[in-house]
Amino acid sequence: MRNETLAESGHSGEVKRGQVILVAYLTAALDLTFLFMQFGIIPYLAKNLGLDSVGFGYLQTTFGVLQLVGGYIFGRFADQFGARAALILSGASGSVFFLLMSLSTSIPLLFLSRLPGVFMHGIPGAQKLITDMTTPSQRADALGKLGLCFGIGMIVGSALGGVLSTKFGIFVPAYVGLVGSLINTLIAVVWIPSQTKPKLNQHVTEHSTSQSGSLFSIREILRLMKFPGVMEVFIVKVLAGLPIGLFMIMFSIISMDFFGLEAVESGYLMSYFGVLQMVVQGLVVGKLTNHCTEMTLLKLSVFVFAGVGLGMALMRTVWHYCIIAVPLVFAFSMLATITDSILTKAVPSSDTGAMLGICASVQPLTRTVGPTIGGVLYKQFGVSSFGYLQLVVNIGLFVYLLKTKISLRETKS
């Protein structure tokens, strides 16, 4: 068990830091694989238990609300107890999640299995670990490579869930997820040091960090938002991706009604997205962060998002969507990586976990309110409404970024 810190400097320290970052990528890839595996089978399990479409919507909303509430709490936990403890908590929660799911022989048990999701935050945990282990100049590239993990998880998890449930039974993916989550927990215990933050950073920022011991505090969230540039960048992060987030929530219905896809064809489309995600975040984002400033890349991602909105407003076939998917994945990946990097640099090092937790709450928030808003847009105005909304919102944000000089103060050395 690695109870030591990474206080060593020089070559050996760099090697150890590199090894720990690789462990972060491994745990993230495994976590996402199991998550996508259960995403694929949960509709069929719910249907087998007699849950109708409305009830399934409640089930998804329950999970979204739990993730929304737990994101910030998990981040605060990581700040107070370290990235290692946070990843152990996430892995243990995942183990309980899949255990309860494997025992879900009734609708109440299925809803109960969602409860551990409040602390299932493997990606924010990995982001926290990477943030602790990298310098500000390395951070965007290192965080961007998590996109490779996302792509692997999406492709392998979706395929594995389908194969296991079809050949061996609906509960087998839950058994695999249980064993895998236990392994992920063990990896965190054995391979991640108990102390990952540089001691110097902790000392320097000691007086600028939270004075509250509570894991959830509105006052602490507001305090973080008051750091220079944080509120402005966070608002851009939320608004720029909101319209496409609404579209993706409705995509299972759109793929059937608008594109006329079968389940297998939808699976191929998801795999295509996974490959694009791997290529963009693994190869493109890192190179651009080495040659452009983060604010330039933020403006670029918003501008590309506006173009994606125009394309979505005009698309008529699934082949149009496959073409639009290339800039869509680029803008989505760039926006997520750059805003996470900017925001973690703008707050003290002892608050990076809380900041990442707030960032991680954006997607659950979209999942919570998305079905209602997205359903109204789709029913009343059609698929093109998502594109027009994307276009208008991001043109407004692009003009705002051009006209406003956002003051960012990097608080870490």
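Glycine is no exception: its Cβ is also placed from the backbone N, Cα and C atoms.
For 17-408, the entry in TrEMBL reads domain 'Major facilitator superfamily (MFS) profile'. Taken from TrEMBL, the feature transmembrane segment covers 20-45, 57-75, 87-111, 142-163, 170-192, 234-254, 266-284, 296-314, 321-339, 381-402.
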Is it true that the transmembrane segment (234-254) and the transmembrane segment (321-339) have 3 or more CB pairs under 8 Å, sequence gap of 6 or more?
yes
Where, among 57-75, 142-163, 170-192, do we find the most CB pairs under 8 A to the transmembrane segment (321-339)?
142-163
Stretch of maximal Cβ-Cβ contact with the transmembrane segment (142-163) [cut-off: under 8 Å; candidates 20-45, 170-192, 266-284, 296-314]:
20-45
For the transmembrane segment (296-314), sequence-distant contacts whose Cβ falls under 8 Å of one of its Cβ atoms, 6 or more beyond its ends:
233, 236, 240-241, 243-244, 247, 288-289, 320-321, 323-324, 327-328, 330-332, 334-335, 338-339, 342, 383-384, 386-395, 397-398, 401-402
Mean of the pLDDT scores, which run from 0 to 100, over the domain 'Major facilitator superfamily (MFS) profile' (17-408):
85
Are there at least 3 C-beta pairs under 8 angstroms linking the transmembrane segment (20-45) and the transmembrane segment (87-111), leaving out pairs fewer than 6 apart in sequence?
yes
